[in-house]
Amino acid sequence: MVDVFSILLGGLQFTNKGRRLNLAPKTSLLAALLFAVHPVHTECVAGIVGRADLLCALFFLLSFLGYCKAFRENKEGHHFSVFWVLVSVLLGAVAMLCKEQGITILGLNAVFDALVINKLNVLEFIQKLIRKDKLLENAGLLRKGLLFRITLLMSGGASILYIRWRIMGTGPPAFTEVDNPASFADSLFVRAINYNYYYSLNAWLLLCPWWLCFDWSMGCIPLIKSVSDWRIIALAALWFCLIGLICQALCSEDSHKRRILTLGLGFLIIPFLPASNLFFRVGFVVAERVIYLPSIGYCILFTYGFTLLSKQAKKKKILAVAVLGILLINVMRCALRSSQWRSEEQLFRSALSVCPLNAKVHYNVGKNLADKGNQSAAIKYYREAVRLNPKYVHAMNNLGNILKERNELQEAEELLSLAVQIQPDFAAAWMNLGIVQNSLRRFEEAEQSYWTAIKHRRKYPDCYYNLGRLYADLNRHIDALNAWRNATVLKPEHSLAWNNMIILLDNTGNLAQAEAVGREALELIPNDHSLMFSLANVLGKSQKYKESEALFLKAIKANPNAASYHGNLAVLYHRWGNLDLAKKHYEVSLKLDPTAPGTKENYNLLRRKLEQLQKKGGA
């Protein structure tokens with residue numbers, strides 16, 4: 001960034017040996033420091049998804065520096081390196097592959113060429129165009145090769161876009177109203193006024209990056225629907241500042257001022273255009289990551305403003321302290337924000353104070369609490385998410401799941417029914433609705449819900465598993481086995497489906513088939529102790545005691561605190577005639593679970609048998 005800012009703020013000049021001069025060392029360092037500590041960058045740096053933005057920025061800047069190298073031989077631009085222009089285009093293509101914003105560097109390179117290399121006065125150029133002046137060649141545009149270079153840049157950009165179109169197609173991603181409400185507004189006025197309000201919010205985040213949030217969608221920013229809304233002031237302030245800067249950039253008599261202001265505005269506005277909703281709908285309202293590159297323009301304008309003030313200020317030390325204070329505040333804000341990115345809980349909770357109307361924030365806080373087992377608190381946040389967005393089907397689904405686990409089946413069914421009514425292809429909600437209906441013993445409706453879920457998501461092993469459980473409850477054993485087999489075909493490591501197949505075959509007396517299924521399952525999931533346990537039970541009933549014992553011991557080693565494992569091993573020893581070992585494992589099982597009735601009865605039978613044997617031995 002120091003290199004880039006030295007060119008943007010100091011101009012592009014070389015020594016006789018072709019070495020680039022840094023004509024603005026202090027201001028370029030200040031601008032780079034401001035860029036380095038800007039808190040709006042924490043999302044890109046701390047969030048893994050931000051790697052795309054960082055890589056894009058890297059190749060974006062390399063493309064710019066590569067373009068500057070094209071003029072190393074002659075600073076006037078009479079001679080330039082076509083090779084470095086093409087390298088710049090290639091680096092711009094790589095930047096675009098990282099993030100769509102990357103392609104805007106080609107436009108910025110053209111602006112830089114015109115303003116810095118060719119020292120074009122934009123206002124004079126526009127006036128000549130309006131007058132249809134034929135003396136455009138006098139400006140040296142053709143002589144210095146500007147049009148040729150711009151043609152190279154445009155051709156490169158068009159080729160990149162064509163390749164992208166061939167690979168990805170023309171259709172933009174499908175976004176919903178909650179992602180970007182303004183873009184779905186019927187009125188052009190409402191869309192325009194809200195887009196402009198979003199621009200003012202982005203500008204405010206650059207100026208005052210205190211209110212940072214990982215997600216600004218879902219009602220976080222209510223739509224402006226009339227001119228009486230006080231937030232119109234923000235739009236007016238934004239355009240007042242922009243128009244003032246543009247006028248200075250075009251009309252100032254100071255060529256140095258014109259150049260820096262135009263470049264600053266160019267780097268502020270052009271990289272932001274893909275996120276502006278002007279060319280296509282984007283999937284967010286405000287996103288801090290998309291102002292990573294535009295912040296370069298902000299840093300140029302801020303630093304140049306500081307240099308102008310320092311020239312006029314009598315007490316320069318106060319100004320220097322103020323700038324140092326801004327840098328330190330930004331450092332502290334970065335540290336605080338980075339710490340919030342360290343955990344989901346801190347990140348989601350930090351968003352509550354910034355976007356209390358955002359249903360997704362409440363949903364994420366609730367999900368985080370539910371994952372930690374705090375269901376009561378999770379319910380509160382899920383309910384708030386549904387209240388803020390009555391069509392939030394994912395919140396309804398998760399809330400319905402928790403209520404189902406708490407046996408509040410009636411409300412769970414209402415929520416899940418509403419979710420599938422709002423989004424008929426929501427497979428997970430259909431499956432959960434089926435589970436609730438199964439618990440309510442409405443088996444036909446449950447079966448229909450499961451099949452609807454599978455219709456919308458053909459590869460859905462968990463749904464096949466639950467369908468198998470329904471068939472097992474209805475004693476439709478062949479259907480149950482088929483459903484569980486489908487689950488294991490789609491997901492070979494689906495332990496529960498394998499287990500249920502083994503247990504059902506065992507309970508129906510199909511020991512040979514149960515054994516075959518158990519061995520097949522253990523080949524796929526060799527370290528699953530529950531499968532070892534189920535197969536060990538089958539082998540014990542088939543009187544393959546040695547193999548059964550080995551599997552029981554292996555299962556116990558993997559999960560030593562399972563009372564049923566010790567209890568069933570004791571039963572095996574009891575049948576096998578190893579009474580002392582049976583007694584030992586009965587006792588361990590009862591110690592782990594004193595209330596197990598079957599184990600207690602078997603243990604009492606064993607004790608009586610041992611007492612009888614002792615009496616016989618004594619006689």
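In case you wondered, yes, glycine gets a Cβ from its N, Cα and C as well.
Database features (TrEMBL):
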TRANSMEM  52-68  transmembrane segment
TRANSMEM  80-97  transmembrane segment
TRANSMEM  103-126  transmembrane segment
TRANSMEM  146-165  transmembrane segment
DOMAIN    171-243  domain 'DUF1736'
TRANSMEM  232-251  transmembrane segment
TRANSMEM  263-284  transmembrane segment
TRANSMEM  290-309  transmembrane segment
TRANSMEM  318-336  transmembrane segment
REPEAT    359-392  repeat 'TPR'
REPEAT    393-426  repeat 'TPR'
REPEAT    461-494  repeat 'TPR'
REPEAT    563-596  repeat 'TPR'
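Same-chain residues lying 6+ beyond the ends of the transmembrane segment (318-336) with a Cβ under 8 Å from its Cβ atoms: 30, 33-34, 37-39, 41-42, 209-210, 306, 309-310.
Beyond the transmembrane segment (103-126), the same-chain residues lying 6 or more positions past its ends with a Cβ under 8 Å from any Cβ of the stretch are 7, 11-12, 60, 63-64, 67-68, 71, 77, 88-89, 91-93, 95-96, 136, 139-141, 144, 146, 149-150, 153-154, 156-157, 160-161, 249-251, 255, 258-259, 262-263, 266-267, 270-271, 273-274, 293. Taking Cβ pairs closer than 8 Å, the transmembrane segment (290-309) reaches residues 1, 4-5, 8-9, 27, 30-32, 34-35, 38, 40-41, 44, 50, 53-54, 56-57, 60, 101, 104, 202, 205-207, 245, 260-261, 263-269, 271-272, 274-275, 284, 319, 323 in its own chain, all 6 or more past its ends. Highlighted: of the candidate stretches 52-68, 80-97, 232-251, 80-97 has the greatest count of Cβ pairs under 8 Å to the transmembrane segment (146-165).
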